[in-house]
Each structure stands twice: as C-alpha cells, then as structure tokens.
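Taken from Swiss-Prot, the feature active site, proton acceptor covers HIS329, and the record attributes it to sequence analysis. Among the features that Swiss-Prot reports, substrate binding site is placed at HIS33, ARG59, GLU349. Feature annotation from Swiss-Prot assigns Mg(2+) binding site to ASP226, GLU252, GLU280; the stated evidence is sequence analysis. Annotation source Swiss-Prot lists site 'Increases basicity of active site His' at ASP302, citing sequence analysis. The feature site 'Transition state stabilizer' is assigned by Swiss-Prot to GLU349.
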Amino acid sequence: MENSMTLPKIKQVRAWFTGGATAEKGAGGGDYHDQGANHWIDDHIATPMSKYRDYEQSRQSFGINVLGTLIVEVEAENGQTGFAVSTAGEMGCFIVEKHLNRFIEGKCVSDIKLIHDQMLNATLYYSGSGGLVMNTISCVDLALWDLFGKVVGLPVYKLLGGAVRDEIQFYATGARPDLAKEMGFIGGKMPTHWGPHDGDAGIRKDAAMVADMREKCGEDFWLMLDCWMSQDVNYATKLAHACAPYNLKWIEECLPPQQYEGYRELKRNAPAGMMVTSGEHHGTLQSFRTLSETGIDIMQPDVGWCGGLTTLVEIAAIAKSRGQLVVPHGSSVYSHHAVITFTNTPFSEFLMTSPDCSTMRPQFDPILLNEPVPVNGRIHKSVLDKPGFGVELNRDCNLKRPYSH
C-alpha cells in the first residue's frame, strides 16, 4: 500500500473499443445490447422506433448496438493500472485520447473529483444532456476509482465509506421471471412488446403477459414492466391500470427522458400502490434533480452513462433527501460497490444476458474477468473485498486502440 502522502500521479490514459458498427457483431461486453442471434434482449421489444414497421421486430435493426464497448485504462507512475468499461465504442476512444487526456495525465490518483469537474465543464459545449459524451466521462471516472482503490489496496465501496448492509439482494431483468424466481431473485422485470401504435390491443397483450407470469410466479414475487421510452402518458396510464389486478410492482421508463411533466402526470394517475420509475437514460445531475421533483418513486441512473460513480453518489443524495429510492440500472460491479453503501437502495438490478434467461451469465461477459454473479439472488459484501472494483480486463477480447496521443 502506498503512503497516503506519496500517492502516485497518473502517467497515461488509454482507450480501446470492441464490437459496434466498425468491429465484430455480437461482442457483448460493456455494450450489452450487442448480442448474437436469438437473444431475448433483441426479440420484438417495444421502443420509440417500434411505430415504424421496418424497425419493430429487432432493436438491432435500428442500430441499438452500433456503439460497442469502450474500455478506458489509466496507468499510474508506479505501474499500477485501473480500468472500466461502458457503451461508447470508437467515438468514445477519440474523446478520451484527443480531449479528456489533458485533464487526467499528471494528476494525483486521488484527484477524482477535480478531474470529473474539469471533464464535465470542458465538454459542456458538445455534451448536451448526456449520451455518448457522458458515457465516455463515466467510463473515465470509473477507471479512476478502480485505479485509486488498487493503489491504496481497498475495494471501492470502502473508499465510499463502507457497506451499510451485509449483502445485496437482486431482482432479475429478462423475459422469464418464472426462471428468475427459481434462481432465488426477489422479482422479475419484463420488457413490454407493444406500444401506442398498437392501441388497446397492445395493452391487452402486455397485460396478458403479466397475468401469465403472475400465475406462474405466485402472489408475492415481484413483477415489473420495462417500457424503454416507448409510450405516451395516456397509453402508460391505461397499461398501468390494466396490470393493477396482477399486483404489478412498478412500471418503468414509459416516457422519453425529458418529458418531466408527463412523469408527474403518470405518477399522479397511476394505480394506488404501483410505483413509477425512470432514469437510466438521464445523463446529468441536473436532470435527476428535475426527475426527482416529478415525484416518481425510484430513480434508476446507469453509473456508466450518468457521469460515473462520482455523479451516482450525488444522485443518491438527491433521492435520499426526498425519501426516494435509487436503484441503478444494471452495471454489475460498478453499481455493486456503490449501492452497498447507499441507505436508500434496498435492492438492485441484475440484467440477464444469457440468451434464454436460463443460466447465470455475467452482465459484461466476456470483457471482465472474475465478474461476480448473484448466488440465490444475492451477493455478499465479502465478494467485493478486492482492490478497486475487483475485476480484471480480458485482454483476449479483440481490443482496438484507434487513437493515441
């Protein structure tokens, strides 16, 4: 362990990508939508593009997997390295190597907040309210936390102040909540398959899916719907009421990110006891403050897209101040180390990436080595007791470094 007064400086930052439109298809990794054929995650799931028949059957048909995985590695002067992955691919590599590098190299490995603030402010003129640029900044931020943990010999969750519970319990996102129940998860979240362009028939079909799973899973197992920005307020409200008899726990991301008034109206008109949730495609701290003010029940930032761990901690504080939960969108170890320190995250999400949801596959497979998966729906804090985020980069993947500096 390094003496706290002599922490090393960062020598270099490097960026690779794998998968996406300019590399091999089905690479998986940080871009978990980049899967092969016959995978549940690409099977007639409702999206904002579903209203166009040419793009209704497959999300890959409209390009959901064009970005690919971004891998950022930071190296300290003592030779230690930290890394992280997200969804930004080749374009993220350009941003890291040609712009953000100047804010990283030469800084102390503990200067995470300074680097974060400089990256955010230096990209304001082209980052908008999130998206590719924020994904890239998030990836750098996570890599910095990984490096800091490895330098001082501590897991990231201890750098954040330590665990507030002994284990994390998970619900599973996938097409088969009935299988998730058998694996020990506390609930199952299904994608919707129909949208406003399908009219009331679409509502009946998705409600029938919920009814079928309720019968298979029993009364107490949580069931939720992920609507992936595909609806309008009227349709979402009608769908929520159609699913109420089957004890739907929450309805998620019905509307596009900026429709704050719509979320306020949906929460106001949703069935009593049914939660309204959103947040995975919100990309700034300010957007989460506004989202929080709509009164939704759970905010769901993705730590690889919202600004990184540094921003996620701030979002959790906003939610806590309003009595709201923060349950991050997937993100594996990058979420695990955060949520085990949050008092307002009583459970977390595990995204099923096996094609038929029948086996436990790590979310970012194959890019991470030693990536933990829940056992009987849980991960004990002792599993996280490794320096940094506790995973290593699989350098046998087809990594490409298109830029340097």
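Cβ from N, Cα, C; glycine included.
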### Summary
Those recorded positions from ASP226, GLU252, GLU280, ASP302, HIS329 that fall inside 10 A of ARG59 (substrate binding site) by CA distance are none
### Message
Between the Cα atoms of ASP302 (site 'Increases basicity of active site His') and HIS329 (active site, proton acceptor), what distance do you get, rounded to the nearest Å?
### Response
5
### Rounded to the nearest Å - Cα separation of GLU280 (Mg(2+) binding site) and HIS329 (active site, proton acceptor)
6
### Message
So if I draw a 10 Å sphere around the Cβ of GLU349 (substrate binding site), how many other Cβ atoms end up inside it?
### Response
24
### Task
Which residue among the recorded positions HIS33, HIS329 has the fewest other Cβ atoms within 10 Å of its Cβ, if you could check?
HIS33
### Query
Around GLU252 (Mg(2+) binding site), which residues of its chain at least 6 apart sit with Cβ under 8 Å of its Cβ?
LYS189, MET224, LEU225, ASP226, CYS227, THR277, SER278, GLN300
## Note on the structure
Around the recorded Mg(2+) site (ASP226, GLU252, GLU280), other residues with Cβ within 8 Å of the Cβ centre, ordered by sequence, are THR173, LYS189, CYS227, TRP228, GLU253, THR277, SER278, GLN300, HIS329
### Query
Just the number: how many Å between the Cα atoms of HIS33 (substrate binding site) and the residue listed as 'active site, proton acceptor'?
14
### Message
I want to verify one value. Collapsing DSSP to three states, which class is the residue listed as 'active site, proton acceptor'?
### Response
coil
### Task
Rounded to the nearest Å, what's the C-alpha distance separating the residue listed as 'active site, proton acceptor' and GLU349 (substrate binding site)? Just drop the number here, would you?
6
### Query
For the substrate site made of HIS33, ARG59, GLU349, how many Å separate the two farthest Cα atoms?
21
